[in-house]
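**Student:** Encoded as structure tokens, here's the structure I'll be asking about.
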Amino acid sequence: MAAFKPNPINYILGLDIGIASVGWAMVEIDEDENPICLIDLGVRVFERAEVPKTGDSLAMARRLARSVRRLTRRRAHRLLRARRLLKREGVLQAADFDENGLIKSLPNTPWQLRAAALDRKLTPLEWSAVLLHLIKHRGYLSQRKNEGETADKELGALLKGVADNAHALQTGDFRTPAELALNKFEKESGHIRNQRGDYSHTFSRKDLQAELILLFEKQKEFGNPHVSGGLKEGIETLLMTQRPALSGDAVQKMLGHCTFEPAEPKAAKNTYTAERFIWLTKLNNLRILEQGSERPLTDTERATLMDEPYRKSKLTYAQARKLLGLEDTAFFKGLRYGKDNAEASTLMEMKAYHAISRALEKEGLKDKKSPLNLSPELQDEIGTAFSLFKTDEDITGRLKDRIQPEILEALLKHISFDKFVQISLKALRRIVPLMEQGKRYDEACAEIYGDHYGKKNTEEKIYLPPIPADEIRNPVVLRALSQARKVINGVVRRYGSPARIHIETAREVGKSFKDRKEIEKRQEENRKDREKAAAKFREYFPNFVGEPKSKDILKLRLYEQQHGKCLYSGKEINLGRLNEKGYVEIDHALPFSRTWDDSFNNKVLVLGSENQNKGNQTPYEYFNGKDNSREWQEFKARVETSRFPRSKKQRILLQKFDEDGFKERNLNDTRYVNRFLCQFVADRMRLTGKGKKRVFASNGQITNLLRGFWGLRKVRAENDRHHALDAVVVACSTVAMQQKITRFVRYKEMNAFDGKTIDKETGEVLHQKTHFPQPWEFFAQEVMIRVFGKPDGKPEFEEADTPEKLRTLLAEKLSSRPEAVHEYVTPLFVSRAPNRKMSGQGHMETVKSAKRLDEGVSVLRVPLTQLKLKDLEKMVNREREPKLYEALKARLEAHKDDPAKAFAEPFYKYDKAGNRTQQVKAVRVEQVQKTGVWVRNHNGIADNATMVRVDVFEKGDKYYLVPIYSWQVAKGILPDRAVVQGKDEEDWQLIDDSFNFKFSLHPNDLVEVITKKARMFGYFASCHRGTGNINIRIHDLDHKIGKNGILEGIGVKTALSFQKYQIDELGKEIRPCRLKKRPPVR
């Protein structure tokens, strides 16, 4: 295939970046940077870098499993050393051990023996059982005095159990934890060990240490010869030794170094200097919106607030308002006034300062009324020590020569820190003095270090370098930006450097999982509100034809908020005429042409005649507010008595009016992710456009507005192509286009949501969508065909899925626009990032009994709280215990097969006389088990977990699939058995040298399967090991095809053709994979 070599193109690249997708579009521009032609577009889809259901890091499951393996391994090694010690000290002889090094005939009643050891001499085997039991179950050892103040619920429950049991031992009713366990736990709850999620039976390791010492003393009294000092010291060391938590230099090594001072470590966030830096950043960036103008705090206002966070545990916006003496018409920029009591939220909290202060107060070392009497340098040292070190011993070692012993003891009891900032204390101490003078962070950095981002690489390159992981800590954002980089470089590689890059990031990008869930919750609430409003609208207007549109519902909503009156004239609005054409209009109170503000807070309901009279003025200008006219006073009264939110009232009543500021805020997205990406691209990438600002972050609200004006229909639920639709709009949002729209709106005195304008000279009603400035003629029709491969509104139309078909369709439908047909026109094919990772979960967590595996059955112990009716039917010994089966079934049926509710109360067996006997907590259930992973020395079996690869072989015009699991990769096993439908793995087809290797499949590899019935072309989703069939994901995940965009159960063994393809990030270069040798698994 010949290389693609386009002619030089002057174009803008538009990007629509989400947390799992990047839509892109190239729009050619003329010399004045007006969009003139759609060159190319596409979508890149990838898996978000988090667990979808929980938002946890993808590494968390591995990290937790690794921690469990380490704990198990360390426990096993501890017991091994204990057995060796027992043998070395003569407690046990060689004959007491089996071939695996385990002790033969070891008593299995260690709790009882621990109690008996207080009153009689134990035999060597009994004494060994006691010592090994103490080392195996050695309780909890706290290394910090303040752990009891944790916010972690699980740790809190554990610490409570430890404290309660320590208190019970101190009462003197029980000599040792073993006596407490036997005489209290076992008698009261029927068990000694902790049960699921319960930590009330946990002991302190120090209490177990005291028991060990007492047992040695008692056994010595009873004449036990095996109580030497060496044995006691060795056992006590094994009991008490614990690996220290990662701290000190190890923590600093992981954190890295300062952005500005590369030789310096990053500062702890809970130091005095770091907290002051954070406060000064907020203070110097705080903006007041008043009468339409935006201003920073004056020097006097800054001085008023400067020390308030030290005086108050939390400084709120409401408190700041009172201290500054702000008028009711003034508001804090960036605060969401739509929610209740917005100013009750915290402006600044000096957490470390007040934590230290409270700690000293609790121990009587500080006067409640006096400020904290510790120097900033000492507070920095305290914050650093408590952040870096994790044990009282290490913290004491760092601070003992700096702080009085009683102060250090108070701090150890009550504080704990663990967060860091990106800058060192050395850099902060240089930057903070300038910020105290009123300079912003970037200004202070520029004065000292020359740049906000430290030493910036200003070399412009053709391709964008990798996104620095140390600057973008959120893995979800890092993956999204990294994929966007791949798309940018792919476009440059194919078409050359762009003139400009326009970026829009979805609002969830950069948000935490919790915040994104809150956004989803609000969206769902808004959807329900719209449904209620639509239902209410239909009640008011039962004869309304069709479904009410958002504009209709908005009219009713505004009508109610304005008490049924025109906001401009005060005249009553006839509700029955609400839908009458031209009777009422939705107006932008602050003219759209001067603000680009299309938010709800800028919309009011007025009579059509009033709207035309107001024209391009603000209400303040229209009603002659500068002379405080009677009309202005009446208007103010109507606004104040309306049901508008406070922020909307303030906006409508604006007097001073900063047009440039409004436009800048509404046209640009200034979130950190956008600022970072724009700066990163602008600093490092060669762009050919005019002027300095060649990278622009578009506001999503403006994209939505323009998409509607330009007639582009977006349905997210249909498929993944809609991301490209937004990218086209983002690319076309040029400065020249914005100026055209502004001039049009100003000239026509338009209403942005009325759908019509009035020509003043002729009085003719002009339909807005016809006359609203378009990037080019037939823009909407061309874009919809390019994105979806068919005309808009014609789902039955066959998709033009080849360049020839697409060009023919464009030529037929847009005969008046020959420019739409050019050499770069190709169908949109969604590119999906393949997952070629070969590691993963080795096997499922549940280990089942393998005693009956030769029957194809495994046995699993299922807790009653997880037992469903379908599981109950497979209960072991169901025929032998019919009463138990019937009782369990009745309980489940009574609670509609909800085991959590059914067995919230304990369940007991009953004897023939009807007396309650044994509590049942779980039952054994049979499961079909044809394969799995052997564990626990072939005593248990677990289900396979991740199928990381499928190798495809061919022989005699038939295809054979060999699944490869992560556990096989870990062991270096390259399987040689191909799936045979309905057979056990041992009976699968053996792959020998007579088979030809074709290719390896990973999730999201592009494949083509041709059968006698159809051709299927899409992304490999999964393979069914029971049937040998595969599932293929449609490239755009069109939900109308297959099952939610997935073609399931495709048999490939007898396929006419089965081929794997390579695809680039843009979805443009698609070619068959070359034949290779079968790759190893490691």
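Every residue gets a Cβ built from N, Cα and C, even glycine.
Just lifted these from Swiss-Prot, have a look:
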{"type": "BINDING", "residues": "ASP16, GLU508, HIS723", "note": "Mg(2+) 2 binding site"}
{"type": "BINDING", "residues": "ASP16, GLU504, GLU508", "note": "Mg(2+) 1 binding site"}
{"type": "ACT_SITE", "residues": "ASP16", "note": "active site, for RuvC-like nuclease domain"}
{"type": "DOMAIN", "residues": "512-667", "note": "domain 'HNH Cas9-type'"}
{"type": "ACT_SITE", "residues": "HIS588", "note": "active site, proton acceptor for HNH nuclease domain"}
**Student:** Between HIS588 (active site, proton acceptor for HNH nuclease domain) and ASP16 (Mg(2+) 2 binding site), how far is it from one CA atom to the other, in Å?
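**Tutor:** HIS588 (active site, proton acceptor for HNH nuclease domain) and ASP16 (Mg(2+) 2 binding site) have their Cα atoms 28 Å apart.
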**Student:** Drop a 10 Å sphere on every Cβ of the recorded positions HIS588, HIS723 and tell me which sphere holds the fewest other Cβ atoms.
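**Tutor:** If we count Cβ atoms within 10 Å for the recorded positions HIS588, HIS723, the smallest count is at HIS588.
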**Student:** According to DSSP, does GLU508 (Mg(2+) 2 binding site) sit in a helix, a strand, or coil?
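**Tutor:** SS state of GLU508 (Mg(2+) 2 binding site) = coil.
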**Student:** Within 8 Å of the Cβ centre of ASP16, GLU504, GLU508, which other residues of the chain have their Cβ, at the recorded Mg(2+) 1 site?
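**Tutor:** Apart from ASP16, GLU504, GLU508, the close residues are ILE17, GLY18, THR505, ALA506, ARG507, VAL509, GLY700, ASP726.
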**Student:** Measure from the CA atom of GLU504 (Mg(2+) 1 binding site) to the CA atom of ASP16 (Mg(2+) 2 binding site) and give the result in Å, rounded to a whole number.
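**Tutor:** Computed Cα spacing between ASP16 (Mg(2+) 2 binding site) and GLU504 (Mg(2+) 1 binding site) is 5 Å.
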**Student:** Most Cβ neighbours within 10 Å: which of the binding-site residues ASP16, GLU508 is it?
**Tutor:** ASP16
**Student:** Can you tell me the CA-to-CA distance separating GLU504 (Mg(2+) 1 binding site) and HIS723 (Mg(2+) 2 binding site), as a whole number of Å?
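**Tutor:** A Cα-Cα distance of 11 Å.
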**Student:** Tally every other Cβ atom lying within 10 Å of the Cβ atom of GLU504 (Mg(2+) 1 binding site).
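**Tutor:** Looking across every protein chain shown, the total is 27.
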**Student:** Between 0 and 100, where does the mean pLDDT of the domain 'HNH Cas9-type' (512-667) sit?
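**Tutor:** Residues in the domain 'HNH Cas9-type' (512-667) carry a mean pLDDT of 85 in this prediction.
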**Student:** Using DSSP, would you call ASP16 (Mg(2+) 2 binding site) helix, strand or coil?
**Tutor:** strand
